[in-house]
Amino acid sequence: MTGTLLSINGLTKAYPGVVANDNVSFEIGEGEVHALLGENGAGKSTLVKMIYGLVKPDRGTMQLRGDAYAPAEPSAARAAGVAMVFQHFSLFEALNVAENVALGMENPPGMRDLAARIREVSEMYGLPLDPDRIVGDLSAGERQRVEIIRCLLQDPKLLIMDEPTSVLTPQEVDILFETLRKLSAEGTAILYISHKLEEIRTLCDNATILRLGQVVGDCVPRDTTARDMAEMMVGSSLLVPERAGGTVGPVLLKINDLSVASPSAFGTSLKNISLEVRAGEILGLGGVAGNGQDELLAALSGEIPTAPGAVELDGKPIGGLGPVARRRLGLLTAPEERLGHAAAPDMSLIENALLTGSVREGLENRGFLKWGKAKSFAEAIIERFDVRTPGPDNAARSLSGGNLQKFVIGREVMQRPEVLVVNQPTWGVDAAAAAAIRQALLDLAAGGAAVVVISQDLDELMEISDHFGALNEGRLSDIRLAKDLSVDEIGLMMGGAHGMEVAHV
Amino acid sequence: MLKLEKRPQPSQFWTYLTPLLAVALTMIAGGVLFAFLGKDPIVAIRTIFWDPLFSEFAFYYRPQLLVKGAPLVLIAIGLSLGFRAGIWNIGAEGQYIIGAITGAGVGLAFYPMEAWYIFPLMVIAGALGGWAWSMIPALLKVKFGTNEILVSLMLVYVAEQLLASMSLGLLKNPEGFGFPGSRNLNDYASANSWIHQNAGMHWGVVAAFIAVIFAYVLLNRHMLGFQIRLTGEAPRAARFAGVNPNRLILICLGTSGALAGLAGLFEVAGPSGQISIDFNAGYGFTAIIVAFLGRLNPIGILLAGALMALTYIGGDIAQSKLGLPAAAIQLFQGMLLFFLLAVDMLTNFRIRLGQKEVA
């Protein structure tokens, strides 16, 4: 490290009702890999948006290599040498890689030159990518490479990466880290945003920790334990979920050779999936996003009808039943997408409690709604799952992601399911709330329910699952006892090899 | 520089205020329009909004409010259910025509017999006619995924041709000296929807009030209403909740068709009296404005229907007294919807004065 690349002094940004960043200061050196750590809502996104010119700070200044730096818009930031890879990709699925890269550039060269440059950069940094492939056919890891290469072509001095590993297999993570180390060695600084502590410990030189918009500490991750960092992030000691260890009972949920086509053109069809979950057991299903998770959940919730015998609940074929009938029998689900799928954004929490609770909680009588009872149900969820909201009359979209997630999971858990299937139960939820959700799932299993947890967070799955399986391109791996598995084995189960071979050039 | 900022939740305050603001803006822009046409804007606006209610001849205009308002409210209530769920029936005008034809057809089939059951049968036939006409776009959408906006709209023109054919053929008055048009149902006591003609009261007014109450209860207290709202707000969440989208399409299009058919029947058996080539006066299209002006809320639609009826009557007065062209009045009504949609974003966004950004 030769000197300071970017220094941030007293940046403050307030939104109505919340101070997202309060007097934040830190420095990033040339070629340094700097971690920005914090729970959801700690202000990480706002901070990097200010650095990338998407948001203007209310107060405070930045200096890039000693010169005043105040980008009015992202193109100014890019011109100054700051590039960013977003957590959610902005790619057009119907276009090929080179076309997508060209769309993100100010002055794209000709397609032929660009394709050659993409090959060159992708080989130089060990990120295999064929410029002629259609983005819709790429895995999440490959799509991320498109974004990264788009940034690298502009030769950045600072590369901002927002939770880049959330969509990757362990093997893909290794490839990414190699690339990032190489970049850092060549003098490109990296601002790395994450809440995965082990990753930060292996990759980053320095870390700045944010809590509630303020810098609460910094550390050298290699010399700090994950637990210490977590406690700085959360501001209190962490509650680790405990297993009560219930007895395993009869098979409650059974899937027999289930194959369904995905309703969306770029979705993944399910192919010959079979599994069994017993009472008192938690089955964890890993896999990189987009490998059939949404489709499996929809086939279990009843949104996608299947052959009657393909799904059995307690020995009864239920594949032909719709969501309401399945709920009545005790099969409850919680999809990944909170706003718009698990909950209606503009409706109140009372109405959202009614959304899945009407049958099992008796919230309707011959079609007429019992608003009083729905309200008490919503209040009970808010109370038990510590949902932070002024009251049940508030719209779902006014809640933060983590709070809404607690509400959505709580809504299903409170209905005493026989079988509960959840997809990404703690995605975007802060550490304390995630622990509470996991504990609720464990308690549910200890109480005799069968639980299926679909997640991309392997640590989470290892923590709570009895059995583990992985989805890869719509197929399910063998299901194995979770406690015997090593990380390498898990990676292979997830189809770890995929994306590792050099792209077909 | 003006900046829009999304509110965390829709503002209650603006939800109620925007319709009033839209009316005020329409008056201003309409006034400017009338001024360009060489009329005194104040007089023109007063003629449209004030004279029907409080002028010397108001005793004549006030009953007209019920006559004009009832079909608008009846149709708009039906449309609002579908609109809430994102199901767009634009063809209420056609369903209105078919309801009038089938309803009047049943009545005329009994002519000249007098019996208490003739009018109820006509009501049923009218509702069924409108329902059947709306089932065409509904079934095509459910079976083949066609666009209900286009199909229902196109069927309006089919219905108009059917109306012309009926007026000139099957339903033509045999004693009408060859003029197009059916017998006048106002002269046929058993097939007449008037309750008190001088007060403007006919069964359509009663039906409109019943529809408002029915829709209010449905949307606020019933599972079906909840499903309708849920489907409109978040279609994926609705499917997750177990709503069958096809069933909802059939119900919403069917209900709006049946109510539009009823409106047509009450009109032909009352204020209009006969099936004629120019029987339809655009209620089915104006009801779309009424539905949105009333924020797709039953009570709001009742008020919006009254307001719209007022501009119809006031517009007529302005045409005859001030010589304003009919197109100017229609433009004026269109402006109302335009401004409503424009100020609508205030419920979900707030406007901030931001400092000038340096690029």
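Placed from the backbone N, Cα and C atoms, the Cβ positions cover glycine too.
Between the stretches B:44-60, B:95-111, TrEMBL puts its transmembrane segment entry on B:95-111.
By number of Cβ pairs under 8 Å, the transmembrane segment (B:65-83) is matched best by B:281-310 from the list B:12-37, B:95-111, B:248-269, B:281-310, B:322-343.
Highest Cβ pair count under 8 Å relative to the transmembrane segment (B:12-37), across stretches B:117-140, B:149-171, B:200-219, B:248-269, B:322-343: B:322-343. Within its own chain, the transmembrane segment (B:149-171) has Cβ neighbours under 8 Å at 88-91, 93-95, 97-98, 100-101, 104-105, 108, 133-134, 136-137, 140-141, 180-182, 253, 275-277, 279-280, 284, counting only residues six or more beyond its boundaries. Stretch with the largest number of CB pairs closer than 8 A to the transmembrane segment (B:248-269), among B:95-111, B:281-310, B:322-343: B:95-111. With a threshold of 8 Å between CB atoms, the same-chain residues lying at least 6 positions outside the transmembrane segment (B:322-343) that come near it are 18-19, 21-23, 25-26, 29-30, 33-34, 37, 39, 43-44, 47-48, 286, 288-289, 292-293, 308, 311, 315.
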